[in-house]
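The transmembrane segment annotation in Swiss-Prot covers 27-47, 98-118, 129-149, 165-185, 203-223, 248-268, 269-289, 297-317, 340-360 and rests on sequence analysis.
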Amino acid sequence: MIIYATAVQTINSFVRLESLKEVYGLIWIFVPIFSLVLGIITGVLVIVWLEREISAGIQQRIGPEYAGPLGILQALADGTKLLFKENLRPSRGNTPLFSIGPSIAVISILLSYSVIPFSNHLVLADLNIGIFLWIAISSIAPIGLLMSGYGSNNKYSFLGGLRAAAQSISYEIPLTLCVLSISLLSNSLSTVDIVEAQSKYGFWGWNLWRQPIGFIIFLISSLAECERLPFDLPEAEEELIAGYQTEYSGIKFGLFYVASYLNLLISSLFVTVLYLGGWNISIPYISILELFQRDQIFGTTIGIFITLAKTYLFLFISIATRWTLPRLRMDQLLNLGWKFLLPISLGNLLLTTSFQLFSL
């Protein structure tokens, strides 16, 4: 009996140990995801505040100043207000499509953050096909917009959804060709490998200098993918009221609002990773890898700071562009994508391929 009791105690202790291992394993899985989501939310709140302050400066007026110091909590106050607003649904609309559309738009953009390297070895999923995964996932978002427009049973919403789909297709191809040119230069589809390939030559090793034409095309295409002025035709207020968002209210409207800024942030991060050297400080004789080897926490912190500094520099350009340029017509937008950007990006890809072949 004593031997039997001892065996039972041993088995129970083993089961408890395995249970603790499973709990710790789940914690190690969810902590990075939760940290990334929290960082993304904070980044979006900062972008909203920056846009309001920059737009106020451009228009020579006073921006938000009552919600928190310098109006920093204004975006949080607006989000809280949307949470408590009534969630309306069109009586003759397609309820499943109407409800699922915003979720598809947000989730497809959130998944793209998993392949962004914020610092050395600080990436949620270091995949060999990270860039390809981003392009594949980003092509899902227009489906959600089209579903929202169709499910609203509103001519303005449906036309906005069609415009969003047409605009996304028109500018997704030049953007993909620019990304392929970067992949050829780096000999990899991994975002981490692309950053490390630029770090070999410091500041002059950035793909911005090796691919200036591709950078300009990527810049224009990313703004069009984000549906920002001068490419905000899917939600042009003077023509379509609010486009595919016309029938939405409350939290679902808030999801579209958040999705637009999430898309802007992910585009800026990919500009940093693909063309601006990522987390590298790009100062001669100073390397993030050396700092990382000396002090891992300090090196990681510096890498995150450099990545975000480059990202918000591009965000400033995007925000200033919105408040300074007029909106294009639909025919001008499509002509720019199909007749100019597509041939130039294809020629840039062929030129890059030729250089890579001759350098072998």
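From the backbone N, Cα and C atoms, a Cβ is placed for every residue, glycine too.
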Checklist entry - Looking at the stretches 27-47, 98-118, 297-317, which one shares the most CB pairs under 8 Å with the transmembrane segment (248-268)? => result 98-118
Item to check | Remote residues contacting the transmembrane segment (340-360) - C-beta distance under 8 A, at least 6 residues beyond either end | outcome: 171, 173-175, 177-178, 180-181, 184-185, 211, 213-214, 217, 220-221
Checklist outcome for this item: Same-chain residues at least 6 beyond the ends of the transmembrane segment (129-149) with CB under 8 Å of its CB atoms are 97-98, 100-105, 108-109, 111-112, 115, 157-162, 164-165, 168-169, 172, 175-176, 179, 182-183, 189-192, 194, 225, 234, 243-245, 248, 256, 259, 263, 266, 270, 274
Checklist entry - Which sequence positions outside the transmembrane segment (203-223), separated from its termini by at least 6 residues, show Cβ-Cβ distances below 8 Å to it? => result 171-172, 174-175, 177-179, 181-182, 185, 194, 197, 231, 267, 270-271, 274-277, 282-284, 318, 321, 336-337, 341, 344-345, 348, 352
Checklist outcome for this item: Same-chain residues at least 6 beyond the ends of the transmembrane segment (297-317) with CB under 8 Å of its CB atoms are 43, 46-47, 50, 54, 117-122, 264-265, 268-269, 271-272, 276-281, 288-289, 291
